[in-house]
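Report on the structure given below.
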Amino acid sequence: MQAKDSNPPDGGYGWVVVVSAFVVMGLTAAVLKTFGLFFVEIQQHFDELASTTSWITSVTIAIFHLGAPVASSLCVRYTHRAVVITGGLLAFSGMALGFLGLSMVWMYATTGFLQGLGISFSWTPAISIVSHYFSKKRALANAIASAGECAFAFTFGPFFQWLISQYGWKGALLIIGGIQLNICVCGVLMRPLASSCLLEANHSETETPPGNGTSRTDKEDESPITHKTFNWMLVKRPEFVLYAVFGILAAMSFFVPPLFLVPLSYSLGIDESWTASLLSILAMVDFAGRLLCGWYANLHVTKTVHLLTMTITLISTSLMLLPLANNYLSLAIFTGFYGFFFGTTVAVHITVLADVVGMPDFDSALGLFMLIRSTGGFVGPPLAGLIVGMAGDYRAGFYMAGATLVLSAGFLVTLDQFQQRKERGSQTNTKPEKSTLPYPSLHPLKLQ
């Protein structure tokens, strides 16, 4: 593991990559997060139901997740730079073609499919290349990069509202698409690191004396770059299946509040300018939650799966309380609680995945996890829209999201119990082996 950790520069030009990833997060995830501002405008333009309109966001979320394994494979075959640039062009195309607004199906294909694919091809390699550039400071680098989503969402709320009021929702889409072309600039700055890592791995292989188990280490050094296939057998591991089910249920809930927060505020008679500020509040407390939870998780005081279970429970509680708001102040307070706990969840849930499957299978697990989780993101918003339509009240969508998160927390508890039993069984089985199979590196002759 030491040889592997020595490959990333852990600084230097890596910070340029972090800043680039920071901007990419803002121009992808933050745009998706604040797209709820267009919900009412598009619904009124096409005179469609809330459930029909919400399929735009649903398609975007689903394609974002489905495209992740493809984006990862393309990064291996080509470079992170090439995939990010392609993603920027796709994102621009989705918004630019959505500007035409020909029909609801057209919106599904453009701002839904193309935008989702562009986000996937930009977001996935941007997160991945940061991990390649950093090892010891990886948690800090990833925290800074992911914070771009919150920082941009904080300003995108009022900015998008202003664009819609000045240029209409169609003109706003075109302008936002032009802004997303900056993803291509960020992609150009993401200098490929794969060749240098391979050279370092080969260099360590030739200089390290044989007989100390280094061939396996060198193979692990090269695996993040040369690995071209997914470990599909992960779906047979119970702990991964439990976590994947949690991901499905969580995805059904996570995208509902930003989608219906704006319509809920309108139904309460809150002014449009104040409504846009709710999304800024959401982004600000989300930012704080990510940094604080990331810092706390690094202290290793609480087991990560326990921390995630706690944050999920707190999110569900805040979602259940949010519909009780009857004015701007109360709605802003409950929105703040939801945003903070959402940020804490985002900060730790990928770490939990790594703990569940282990780092050798992490890349495959991440692709599979996002692929499986996409079903929740695809079903969640339309289901919430259907429930809202039946109840005639946007509050019903928040109740549905909160209840689903409570159910997802149950799978985390089950996962933790399964892991504990597995660890106890593993400790019992390995005790006799330690005294009979000494490590070659500890042989007396080799120590001399």
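Backbone N, Cα and C atoms are what each Cβ position is placed from, and that goes for glycine too.
As written in TrEMBL, here are the features:
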type: DOMAIN; residues: 14-420; note: domain 'Major facilitator superfamily (MFS) profile'
type: REGION; residues: 422-448; note: region 'Disordered'
type: TRANSMEM; residues: 12-35; note: transmembrane segment
type: TRANSMEM; residues: 55-76; note: transmembrane segment
type: TRANSMEM; residues: 83-107; note: transmembrane segment
type: TRANSMEM; residues: 113-133; note: transmembrane segment
type: TRANSMEM; residues: 140-160; note: transmembrane segment
type: TRANSMEM; residues: 172-190; note: transmembrane segment
type: TRANSMEM; residues: 240-262; note: transmembrane segment
type: TRANSMEM; residues: 274-293; note: transmembrane segment
type: TRANSMEM; residues: 305-325; note: transmembrane segment
type: TRANSMEM; residues: 331-354; note: transmembrane segment
type: TRANSMEM; residues: 366-390; note: transmembrane segment
type: TRANSMEM; residues: 396-415; note: transmembrane segment
Inquiry  = Assess whether the transmembrane segment (12-35) lies in contact with the transmembrane segment (396-415), where contact requires at least three Cβ pairs under 8 Å among residues 6 or more apart in sequence.
reply    = no
Ask   = So are the transmembrane segment (140-160) and the transmembrane segment (274-293) touching or not, going by 3+ C-beta pairs under 8 A with a sequence gap of 6 or more?
value = yes
Ask   = Do the transmembrane segment (366-390) and the transmembrane segment (240-262) share at least 3 Cβ pairs under 8 Å, sequence separation 6 or more?
value = yes
Query = Which one of these stretches, 113-133, 305-325, 331-354, 396-415, has the most C-beta pairs shorter than 8 Å to the transmembrane segment (83-107)?
reply = 113-133
Query = Counting Cβ pairs under 8 Å that sit 6 or more residues apart, are there three or more between the transmembrane segment (274-293) and the transmembrane segment (331-354)?
reply = yes
Task = Residue list, the transmembrane segment (396-415) vs rest of chain: Cβ under 8 Å, 6 or more residues beyond ends.
result = 239, 242-243, 245-246, 249-250, 252-254, 256-257, 259-260, 264, 305, 308-309, 312-313, 315-320, 322-323, 356, 380, 383-385, 387-388, 390
Request  = Could you pull out which residues elsewhere in the chain have a CB under 8 Å from any CB of the transmembrane segment (55-76), counting only those six or more residues past its ends?
outcome  = 32, 35-36, 39, 42, 82-83, 86-87, 107-108, 111-113, 115-117, 119-121, 123-125, 128-129, 225-228, 230, 251, 255, 259, 363, 366-368, 370-371, 373-375, 377-382
Message = Can you work out which residues elsewhere in the same chain, 6+ from the ends of the transmembrane segment (113-133), have a Cβ less than 8 Å from its Cβ atoms?
response = 8-10, 13-14, 17-18, 20-21, 24-25, 27-29, 31-32, 59-68, 70-72, 74-75, 80, 83-84, 86-95, 97-98, 141-142, 145-146, 180, 183, 186-187, 190, 193-194, 197, 224
Message = Just to confirm my parser: what is the rounded mean pLDDT across the domain 'Major facilitator superfamily (MFS) profile' (14-420)?
response = 82
